[in-house]
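See structure below.
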Amino acid sequence: MEMAGCGEIDHSINMLPTNKKANESCSNTAPSLTVPECAICLQTCVHPVSLPCKHVFCYLCVKGASWLGKRCALCRQEIPEDFLDKPTLLSPEELKAASRGNGEYAWYYEGRNGWWQYDERTSRELEDAFSKGKKNTEMLIAGFLYVADLENMVQYRRNEHGRRRKIKRDIIDIPKKGVAGLRLDCDTNTVNLARESSADGADSGSAQTGASVQLAVPSSTRPLTSVDGQLTSPVTPSPDAGISLEDSFAHLQLSGDSIAERSHRGEGEEDHESPSSGRVPDTSVEETESDASSDSEDAPVVVAQHSLTQQRPLVPNGNQTVADQSDRSGTDRSVAGGGTMSVNVRSRRPDGQCTVTEV
């Protein structure tokens, strides 16, 4: 049994090619597994990327497929929207090695605010055509056929000649954005995105507009002002209005009980009669004084009400019943005649507070 086992082992070894040994076959098959083939271009992958479904393709092949259907070419699973911006590279070191290049020169195509380096396969095709003196050559990029015009140094799609992009042959060490649409550094990615947006003027304009709006909002608001410790509305009156208001307050303070009573009536308050009164008002004199001073006193009362309306309403529906209640109060007094009555007068001070005075 042991000899049979050895014979089988020897037979399996003899099945290998004569120019290779078992150790050599194992060492040679390992690297071949690290270079997958692309099911789209049917060639070895250039900058292979892995989709969420674990299928591997060339980055440019996935880019072309996403333009057409945004689905995997094998299982039809959807490709994420941000996959082209953040692809899953199988060998990031290969990308950096490709940016350094193998020779002295490399081929580039024009991008926004910079140049992109062609992938290794396309660069070899361009260099071969250039060295042979060809005027143009065709390239398969992202599933589309492009024509490289080596005389005018432009490239365009074979079925769309209107859109042209500059190309050039330059040294390998020039500043570049990346290789075949893949950026070399994440930090550079952020900087370049900001510069591209600012070059268009969209982000810069929106940023300036946002700043102007933020600056305009606080300038339109004013702090609350105070009159004798009481807050008033944010709208500040003119200097003339402030002077007239102060004069009216001083006039109200110097006036007697008759002025306070008339201001009380002007606000729509009703008189409260009491049998224990000690004064008989002279209605004829009061009516004459009220008629003479109504024009001078009603104005400051209205101004004071307007300045304190937003903070504290004094008496509701006062302006609607001024004339009616004034006439009614005069009638009640004339009917009372020489009788005795007591009036509780509530006058308003300049600071907005009310006091009750017995007469």
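Cβ atoms are placed via backbone N, Cα and C, with glycine included.
As recorded in Swiss-Prot:
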ZN_FING   38-76  zinc finger
CROSSLNK  Lys86  ubiquitin cross-link
DOMAIN    93-169  domain 'WWE'
CROSSLNK  Lys96  ubiquitin cross-link
BINDING   Tyr109, Arg112, Trp116, Tyr146, Gln155, Arg165, Lys177  glycoprotein binding site
CROSSLNK  Lys132  ubiquitin cross-link
CROSSLNK  Lys177  ubiquitin cross-link
REGION    197-243  region 'Disordered'
COMPBIAS  199-212  compositional bias 'Low complexity'
COMPBIAS  217-235  compositional bias 'Polar residues'
REGION    261-359  region 'Disordered'
COMPBIAS  284-298  compositional bias 'Acidic residues'
MOD_RES   Ser290  phosphoserine
MOD_RES   Ser294  phosphoserine
COMPBIAS  306-324  compositional bias 'Polar residues'
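Positions of Swiss-Prot features highlighted on the structure.
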residue	record	Cβ within 10 Å
Lys86	ubiquitin cross-link	9
Lys96	ubiquitin cross-link	12
Tyr109	glycoprotein binding site	20
Arg112	glycoprotein binding site	11
Trp116	glycoprotein binding site	21
Lys132	ubiquitin cross-link	8
Tyr146	glycoprotein binding site	19
Gln155	glycoprotein binding site	23
Arg165	glycoprotein binding site	13
Lys177	glycoprotein binding site	20
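For Lys86 (ubiquitin cross-link), the nearest of the binding-site residues Tyr109, Arg112, Tyr146 in terms of C-alpha separation is Arg112.
Between Arg165 (glycoprotein binding site) and Lys132 (ubiquitin cross-link), the C-alpha separation comes to 23 Å. Between the C-alpha atoms of Tyr146 (glycoprotein binding site) and Lys132 (ubiquitin cross-link), the distance comes to 19 Å.
For the zinc finger (38-76), the DSSP counts in helix, strand and coil order read 10 helix, 8 strand, 21 coil.
Classification of Lys96 (ubiquitin cross-link) by DSSP places it within a helix. Of the recorded residues, Tyr109 (glycoprotein binding site) and Lys132 (ubiquitin cross-link) place their C-alpha atoms 20 Å from one another. In the three-state DSSP scheme, Tyr146 (glycoprotein binding site) falls into the strand class.
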